[in-house]
Amino acid sequence: MLDLPRPADLFRSTAIRWALGIALWSALLALAMFAFVYWQTADYLREELAETLRLEVRAAAADPAAAATRVDTWIAMDLHATHYGGLFAPDGARRAGNLGAIPDRLARDGDAYRVSATVDLAGRRLQDEIWAAALELPDGSTVVIAHDTDEIDRVRATTLRALGLGLVPTLALAALGGLLLTSRARRRLAATEAAVAEVMRGDLGKRLPVGPRDDEFDRLTRTVNRMLDEIEHLMGEVRSVGDAVAHDLRTPLTRLRARLERTRSQAHTVAEFREAIDQGLAWIDQTLAMVTAVLRIGEMEDGRRRGAFTRVDLGEVVAVAVEFHAPLAEEKDIDLALTVPPGLHAVHGDRDLCFEAFSNLLDNALKFTPPGGRVAVGLQRTETAIVATVADTGPGLPPGERSQVFRRFYRAEAARRTSGHGLGLSLVAAIADLHGAPVTIAEAAGGGCLVTLRFPPAGADTERSAAR
Amino acid sequence: MAKLLLIEDDSETAADVRADLRGRGHDVVWAATGPDGARAARDGGWGAIILDRMLPGQDGLSVLQDLRRDGDRTPALVLSALGDVDERIRGLRAGGDDYLAKPFALGELAARIEALLRRPVDSRETVLHVGSLAIDLIAGTGRRGARDLELLPRELKLLEYLMRRPGQIVTRAMLFEEVWNYRFTPKSNLIDVHVGRLRRKLEAAGEPPLIHSVRGTGFTLSPDA
């Protein structure tokens, strides 16, 4: 039930360390408590006794004639032989009482002091620690009223004994309590550990058990579970990307292989061989472009390129990208329009990558816009962002596919037959992500696609890194 | 034409690069390891050095760094199969004059080596002449023979780049890097479209061609007379 760990693990186990810690802490608390109680009790007793002694000695001194009787009464009042007293002549000789002599260094001011004295007890002379108060009478003699210290000492002894007796069970109980408390946590940890082990063995669908309480541990577990969801999702994506890469790589390679084989057996002229080789080179370049794109996306996703970020004028980048694509638009009779307000549109980023992103977006927009259509590129400065838009008058995308197109290798069904490796928009998404720029697709006014990128404007902290 | 040192550990690649560059009239010596390459480089007398980033024995970049430390300024082109974007920067920082990622087209390598072997272009000239072609960079005007050319600013830049390197093959990537001043590989054949438009302006009906396409590689501008 207690689920005790094996001895070897004993001190490595957090549960045991916690239990010991709790025990030690409880013991310390008990000790402090005892000390406080003892200190308070002893103090009270001592003060009570001192007060009695003060009153008694004053009463005895008030009536010098009856002082001896008073002393004897004080002594007789006592059943446990703890009262002492004495009346001493000016020369120190005892006139009454059971004290051997006036204790040394006892001030005769009526206050109570702890002193050492010789006492007659049951016919024997003993040296004892006593509490005593003394006063000098008008005739020069001294009256002493005293009480032994045993009672107070006994309180201390009793307290210490109680502490000694109580400490061991307290420690044991505290340790047990600690174990009980921590073993529950231990059981949960063990269950979690087992689940993690299963995940590590490859069962990515496994989740950590979450308790009914919403404590820190449950919250942590839920966070880990969310992380596992994300990992599972990513793994799934990697797998499907892997499949897509394999498929998209195999296609040109299969064609290449078939063409080489066919050319070898059937081609007769140098021109035929040349043609086959040129086609083969084109297919190889297509394959390599895809491999490069996949590698670049991976590289961007790990974010290292951010180290080379500088201040980039997005206005210039967009203008050059539009100018670069203008001949293509002209050939297809597409109206390629650019709207950029004057002034600097500074973002913190990588100039080449920004260009690549816009180039890919333009490439895509021009590819899907029919002749006679329009592609509009805009840049706007808002309070919080520099917003770049690319709108086309193409067929647009159904809402369900809008977020999909940024996934690697996704190609809208309708686009399956057009050229391209399906990585253009994934690259855009990776570049946007690297720049902290959310990218969205909506429906443009004419029914086409409206891609929006919201770049965070370059802050003052990037002023120092000059544009290259 | 020039004596080239190729430091590359893959014998197949080295053989093809050698054969291609020899076919273009260069004398190519091959070293297969870092230490061998470093020794050969120190012998001197090379027109240019082509070296792989990763070599057995000694890393290509450290071979280059050692050379530069010894004051050797021989133009060097770094080849690398590493995909990292920082690779290029690292290659240039180590003293490389150009950088080419593997896999590369042999034509691209040859064109870049050609560019390294030429004397640095004197960019102070603002009026350029190649055959019947003339441009004035300050005025932003161009003429072919007696005919005025209407050139867009980018077309003028493109023409300037070609005219400063008459007879030299320039690749699409070189044009994109130098004329548009961006670095990435555009998917579409946009560079060809731009060059095609420029060519149509330069070569009116009946005029002999000035810009020639080099199959699979790029373009070259050669004087018409």
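Keep in mind that glycine also has a Cβ here, set from the backbone N, Cα and C atoms.
Annotated in TrEMBL:
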type	residues	note
TRANSMEM	A:15-39	transmembrane segment
TRANSMEM	A:162-181	transmembrane segment
DOMAIN	A:183-236	domain 'HAMP'
DOMAIN	A:244-459	domain 'Histidine kinase'
Positions on the same chain near the transmembrane segment (A:162-181), where near means CB under 8 A and six or more residues out: 2, 4, 15-16, 18-23, 25-27, 30-31, 34
Structural state census, the domain 'HAMP' (A:183-236) (DSSP three-state): 39 helix, 0 strand, 15 coil
Confidence summary for the domain 'HAMP' (A:183-236), mean pLDDT rounded: 85
